[in-house]
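For reference, the structure is listed below as structure tokens.
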Amino acid sequence: MQTIALIGNPNSGKTTLFNALTGTSAYVGNWPGVTVEKKEGMVGGHTILDLPGIYSLSPYSPEEKLSRRYILDEHPDLIIDVIDATNLERSLYLTTQLAELGRPLLLVLNMEDLLEKEGIKIDTKRLSQMTGSPVVTVSASKGTGIDTLKQAIGQSLEEKHAALCPLFSNVVERYILHIIEDDYLHAIPKERQRRWAAIKLIEEDELFLSSMPPLPEAFSTYLAQVRTELVAHYDDDPEAIIIDQRYKVAEQIAKDCQIRKQKAKSFNFDSIATNRIAAIPLFILIMGAVFYLSIGLVGGYTTPILENLFGYLGQQIVTLSDSLGVYPLLSGILVDGITSGVGAVLSFVPQLFVLFLLLSILEDCGYMARIAFIMDRMMRTLGLSGKSIIPLVIGTGCSVPAIMSSRTIEHQKQRELTVIVTPFIPCGAKMPVFALMLTYFFPGQWYIAPLIYLLGIAAVIVTGLLARAIDKHKETNAFILELPRYQLPTVKNVWLQTKERTLGFIQKAGTIILLSSVIIYLLSSYSFTLQAVDAEASMLAILGRIIAPLFAPLGFGFWQASVALLTGIAAKETIVSTLSVTVGTANLGSFFNPASALSFMTFILLASPCIAAISAMFRELGSKRKLLYALLWQTGFAYVSALLVHYIVLLCI
Amino acid sequence: MQMTMDELTVGQRGAVKAIHAPKQLKRRLMDMGFTKGVAIEVVKLAPMGDPIEVSVRGYHLCLRRAEARKIELR
């Protein structure tokens, strides 16, 4: 078994190709940086790895470091360089670096189907001659050329020809040859990598130098002399000279192999999407439409139907078990535990399905990068980057992928701040909680639901402003982002992603929520001496009363609410199932009033997220101390906000 | 007279002469294709005039004015 690495520029379609080759369904989107961790699969009996996209082997962000480290240290048996065929020149720049690693290289020209539309023709035979590597044309999204690619992979793995290195100008080549001959580089085992090492020595690549034994003094002096001479000759620093040389090679190859016709400019969506006046209102409108369609329209219609259905089902089970004389404990678990608990959560499947569907269309069409572009200026005043908006939008579906997508933000402080504020945006799982409270206490008051989202956004803004105020350095970093082509979302991609997210939600209902419903039912029906008792004397009530006083100032200092909040740590939907088991959705009014209902929702909106999101936060923050601060901030912020909401509403009523 | 990329208005073209930026940012910009002599065109400005969208080597990318100011044109 051999190892194959898929590498290429961000958004060149590596993951789509990975899915086409392995028959799996990893997550794909249309903005640079969707893949932030490596993924493994099998093709033709070999391991294949999908790595985060990079523009160059010099890394800037954590996920790019992962790709570089893998490619340099793990010596894959074959490197597949995935090239966006409509973006040949810049892709070949990375190719010139990959070719020097001494591994077999296979070039895959992806997005073949777009070439004609873009007015581009590529001579693949010539490309193969000039690069010295086999070239295969595919369209990963349409699934064409995949069989040819599989054959080419097999052949490359068998032949094991190391790729040919690109040649630079005579001046640079002369120095490279001299350096290669030095004894110092003979310590490096493989012939081809010596050239790569020589180039790294000219560039003074720090990561490379730290991995090598110290330079002998004479050699070090010689290298310094080489650099001085190069600088004098090219009037630029050595690193820039090498980049320039690589791009010259890429330009030459692109010039010889591709014909680009000028496209006629036609009307496009982008002229509105990034229009100076219309862009931000349009963004708000689009997000508003997403929520209106999913929560308002579909949710408003299907949720009551499903709730009634589960209610009816519960009654049927009661009647059936009574007539069969089923043991009351069992029928209790079935009806008050499972049917009401799980049912309360499952009623939200249709609207979440629509929400996930619309979000994945947004992600697939290329609009996300534009949102980052139009919102960057605003986000900067909050100490965030335009790229922070992508996690916030994805966070309306689920915080876990949202937190992970923050990894493309290069600047560490901005990245960490994004991770901390992302959970403030209410995810799909919090929706059932809000819907439950809103339909009971504020029927017909449609404006409260958007207010919840605005409150989440306000929490992001306040946190951002505060973080910026206490940050003494006020450093700003670079914001450089590729704007990908718009594309029609493919049915396959959108469907795969929507299905996966919806099934994930249903799966949670069938596992965590099912289990916790049963446990909550049992704990709320029995005392510590295992006597069947009234809920008020149950184990759960006694446990809940320990922490309940904490929440008394917020207006919900009764044990049912405390227990619901605790179970919410497992998954936020559990709050609904716990409340429906302990309180009963029809009795909410005897526990909450409008003021405490609002403060309860505020607390849930802002307090620390579910365990899955907490562990995603931990992964991205990378330290327990930072995680602890983040959770304390979120929960503290939630407590104070809920307190304010409670008293403001009490005063107003 | 030195001209930098942030001085271009929408639709104007130029060619890169030099990048005056700290090592890492310079490397980043060059990796994205801003090397000496390359042709660029400012395509669009974001709603508040910053960042700007630039076309280079046949693709589009956006960067802030602060970064564009570090790219000298000829």
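For all residues, glycine too, the Cβ spot is worked out from N, Cα and C.
A quick note: this is a predicted structure, and the numbers were derived from the prediction, not measured.
Pulled from TrEMBL, these are the features on record:
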type	residues	note
BINDING	A:8-15, A:33-37, A:50-53, A:110-113	GTP binding site
BINDING	A:N19, A:A20, A:G23	Mg(2+) 2 binding site
BINDING	A:T22	Mg(2+) 1 binding site
DOMAIN	A:1-159	domain 'FeoB-type G'
TRANSMEM	A:277-297	transmembrane segment
TRANSMEM	A:309-330	transmembrane segment
TRANSMEM	A:342-362	transmembrane segment
TRANSMEM	A:382-405	transmembrane segment
TRANSMEM	A:417-441	transmembrane segment
TRANSMEM	A:447-467	transmembrane segment
TRANSMEM	A:509-526	transmembrane segment
TRANSMEM	A:546-567	transmembrane segment
TRANSMEM	A:598-618	transmembrane segment
TRANSMEM	A:630-650	transmembrane segment
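Structure with TrEMBL features highlighted.
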| residue | record | CB count, 10 Å |
| --- | --- | --- |
| A:G8 | GTP binding site | 27 |
| A:N11 | GTP binding site | 24 |
| A:K14 | GTP binding site | 31 |
| A:N19 | Mg(2+) 2 binding site | 24 |
| A:A20 | Mg(2+) 2 binding site | 23 |
| A:T22 | Mg(2+) 1 binding site | 17 |
| A:G23 | Mg(2+) 2 binding site | 9 |
| A:E37 | GTP binding site | 13 |
| A:P52 | GTP binding site | 28 |
| A:M111 | GTP binding site | 24 |
DSSP output for A:G8 (GTP binding site) maps to strand
In whole Å, how far is A:G23 (Mg(2+) 2 binding site) from A:G8 (GTP binding site) when you measure between their Cα atoms? 20
Please average pLDDT over the domain 'FeoB-type G' (A:1-159) for the predicted structure. 88
Give the helix, strand or coil assignment DSSP yields for A:T22 (Mg(2+) 1 binding site). helix
CA-CA, which of the binding-site residues A:N19, A:A20, A:T22, A:G23 lies nearest A:P52 (GTP binding site)? A:N19
Helix, strand or coil: which one is A:K14 (GTP binding site) in, per DSSP? helix
Pop the Cα-Cα gap between A:A20 (Mg(2+) 2 binding site) and A:K14 (GTP binding site) into the table, whole Å please. 10
Can you tell which of the binding-site residues A:N19, A:A20, A:T22, A:G23 lies nearest to A:E37 (GTP binding site) in space, using Cα positions? A:N19
Fill in the CA-CA distance, A:M111 (GTP binding site) to A:N19 (Mg(2+) 2 binding site), as an integer in Å. 15
Which listed stretch (A:342-362, A:382-405, A:598-618) has the most C-beta pairs under 8 A with the transmembrane segment (A:630-650)? A:598-618
Name the range, of those listed as A:277-297, A:342-362, A:447-467, A:509-526, A:598-618, that has the largest tally of Cβ pairs under 8 Å with the transmembrane segment (A:546-567). A:598-618
Counting CB pairs under 8 Å, which listed stretch among A:342-362, A:382-405, A:509-526, A:598-618 touches the transmembrane segment (A:309-330) the most? A:342-362
What residues in the same chain, six or more past the boundaries of the transmembrane segment (A:342-362), come closer than 8 Å to it by Cβ-Cβ distance? 29, 286, 290-291, 293-295, 298-299, 302-303, 306-307, 309-311, 313-314, 368, 393-394, 396-397, 428, 431-432, 435-436, 489, 493-494, 497-498, 501-502, 505-506, 508-510, 513-514, 517, 573-574, 576-577, 580, 585
Dominant neighbour of the transmembrane segment (A:417-441) in A:277-297, A:509-526, A:598-618, by Cβ pairs under 8 Å: A:598-618
